[in-house]
Amino acid sequence: MLTERQLMILKEIIRLFTESGQPVGSKKLMAELPVHVSSATIRNDMADLESVGLIEKTHSSSGRVPSMQGYRYYLDHLMQPATLNPVDVATVQQSFGQHYHKIDEIVSQSANILSNLTSYTAIALGPEVAEIRLTGFRLVPLSNHQVMAIIVTSAGTVDNQVFTIPQAISGDELEKAIRIINDHLIGLPLTVVSQKLKTDVPALLAQYMASPTGFLDIFDDVLKKASQERLFVGGQMNLLNFSEFSDVTQLKSLYNMINRSDDLAKLLDLSPGGANSQVQVRLGTEMANDLLKHYSLMTVNYDVGEHGQGVIALLGPTSMPYSRMIGLLDLFREELAKKLIDYYANFDDDQS
């Protein structure tokens, strides 16, 4: 059981480290703590915090830095969202002051605004599209080995694309594959469909066709067309500013990941129950992606009433100032929802 003083020291170490990026020593803590504590006592408490894995020593300094476990403890038990100063509040409110002609413009601009405010990478998903589901899939034969793949969504959109079928795939195999798609994917959100194409569906198709890859490519391509421009990203390059990678290949993989809608959907956990009305924080080791082991992801829903919910997210270094960022994301969520509600109200007035 940690003492109140040890909790205060842990909280202060995290505050100082996220502000400066420098390991924190006992002398610095002695000067910054709100109560007088001797340097020796602080060192003993730091040793206890280190022994339970909440802080750790770096190779280059005698100071200590928060561990992943320390950040998680802080987020779960100690952190309180910061009260934003009037300048931050005014900046966010003014950012949404201009006139927009389309929902996508508002959502896209929101990602850019949030990225500019934080210097991190921001991701935004609009309302309505978060609930778009796959309602139909067909393959229409055109000629020898040519078919038109057709996808219908709950938004009323119909997307099609012409493909050449690999000769190794027979007509019977195609029929079975279409039945599998209709049995297992119809009615699911497009984001979930995209994920299942990589997880569950290949094994199901492999029971009926020798090489399901060709068919999966067809379905995936037309699905991407139906899903394109659903997710908006601001500040992609900001992600690289905090990368621990020096290898160019890994940097390229990181950048490519943030530009692929299916990877982003998986990262944001866009499945039923995946998002939340409170800001959620996942640390690098909790995201099951080695490229993101030095990053943290904040996600939160915003509510636009009968028009559904959207998601906004912030991807930045594990050492980000969580208290301020969570306070900012909460405010941003409220202002974005207000802007969209106003847009829908004006749109409905124009239609009546």
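Backbone N, Cα and C define each Cβ position, glycine as well.
Unlike curated entries, TrEMBL annotations are predicted automatically.
Listed in TrEMBL for this protein:
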DOMAIN    1-72  domain 'Winged helix-turn-helix transcription repressor HrcA DNA-binding'
DOMAIN    104-326  domain 'Heat-inducible transcription repressor HrcA C-terminal'
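Per-residue confidence over the domain 'Winged helix-turn-helix transcription repressor HrcA DNA-binding' (1-72) averages out at a pLDDT of 93. In the domain 'Winged helix-turn-helix transcription repressor HrcA DNA-binding' (1-72), helix, strand and coil residues by DSSP number 42 helix, 7 strand, 23 coil.
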